[in-house]
Amino acid sequence: MNNLRPVGIIGTGKYVPEKILTNADLEKMVETNDEWIVSRTGIRERHIAAPDQATSDLCYEAAVKALASAGMTADQLDLIIIATVTPDTFFPSTACILQDKLGAKQAAAFDLSAACSGFVYGLATARNFISTGMYNNALVIGADCLSRITDYTDRNTCVLFGDGAGAVILGEVPEGRGFQSFDLGAEGAGGNLLKLEAGGSRMPSSTQTVEDKKHYIYMNGREVFKFAVRVMNTATEDVLKKAGKTKEDIDLFVPHQANIRIIQSAMERLNLSPDKCVVNVDKYANTSAASIPLALVEAAEQGRMKEGDCVLMVGFGGGLTWGASVLIW
Ligand code: ACO
């Protein structure tokens, strides 16, 4: 990215709904137990949106904090990108709904769909708008209300997901800082492994689709697991190479929080000590597009990054997709 403006993160904010659903709660809903969930996934609890909360409401709370941390007001925003697979409505986009709620009158706004990789896709998109000079700043949010598309009678999926939003403001940063590289990818052939079939133009919603539970997430967990372990490794290697870095340079590893075993397998490959890896899957479960920004923002709030640290984010998700980035904090 020579001759282009360096772009980095200049503000952060996060939000999770108040209500907590524990493994003990789930034991009363489906045939499962805390031991199975913790040993197979590392998840202990997840946050669930209130009935009157939609994705844009979670985004709003995170965005207000991110704006405050950047020392900005909403009317200064040039662009809003929301990565989500659970928008408030098909249209208007959740980004447009948020633009109105924030009063970000000058901002262009759109949603982006890349499931759990969506936040990294959003960062790359916004970085390019700013580095080329088209915009000076952008609000990028990863947010999902997966509870709204989860079948709470299906133990294969309902233990895995939670709701939340993580927001960052991107802007110009000093030379040598900010995003060093991105690696985005897709394997559309694996789309059937993780999907929500009904409600689109292929299969419009009907009483039949509801009866058949096609408005809920379907996932082939074992196959997604294999894909995840594979691409976490290849994407990490590729994004480090593009940045001219090695695994020894990583100060903080921020992986998608889907399953502790997937994270541990990546840590072993990278030979990373636990203090260099952000793990909060135990508290939030898999929050899809919100997962990486929730982990990143939480690490920032805990003071785990200092200026000049090399941060590596990597995620995978429906599509199938993956996304990774190397960032100098
Ligand atoms: N409680 C108790 N038993 C369960 C539960 C549960 N909640 N869920 C499944 N089981 C059972 C299964 O029925 C199966 O029983 P069987 O052998 O009699 O059929 C057994 O446990 C083992 O099932 P596996 O699928 O082999 O379990 P595995 O160790 O693979 O773990 C899991 C399953 C946790 C889903 C894992 O495969 C995984 O994490 N996959 C990746 C998921 C992921 O990362 N998805 C990201 C996508 S998110 C997005 O984009 C929205």
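The backbone N, Cα and C atoms fix where each Cβ goes, glycine too.
TrEMBL labels come from automatic prediction, so no person has curated them.
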Study note, to complete from the structure: Per TrEMBL, the region 'ACP-binding' among 22-26, 87-91, 97-101, 257-261 spans residues 257-261
Study note, to complete from the structure: Filtered by Cβ distance under 6 Å to ligand 1, the active-site residues Cys116, His256, Asn286 reduce to Cys116, Asn286
Revision key, fill the gap. Sequence-ordered list of residues in the chain of Asn286 (active site) that lie 6 or more positions away and have a Cβ within less than 8 Å of its Cβ, or none, is Ile43, Cys116, Leu146, Leu160, Phe161, Gly162, His256, Gln257, Ala258, Asn259
Check your understanding: What mean pLDDT score does the domain 'Beta-ketoacyl-[acyl-carrier-protein] synthase III C-terminal' (240-329) have in the model?
Key -> 96
Review point. Where else in the chain does the region 'ACP-binding' (257-261) make close Cβ contacts, counting only residues six or more beyond its ends and a cut-off under 8 Å?
Key: 40-43, 116, 160, 225, 228, 279-282, 284-287, 291-292, 294-295, 316
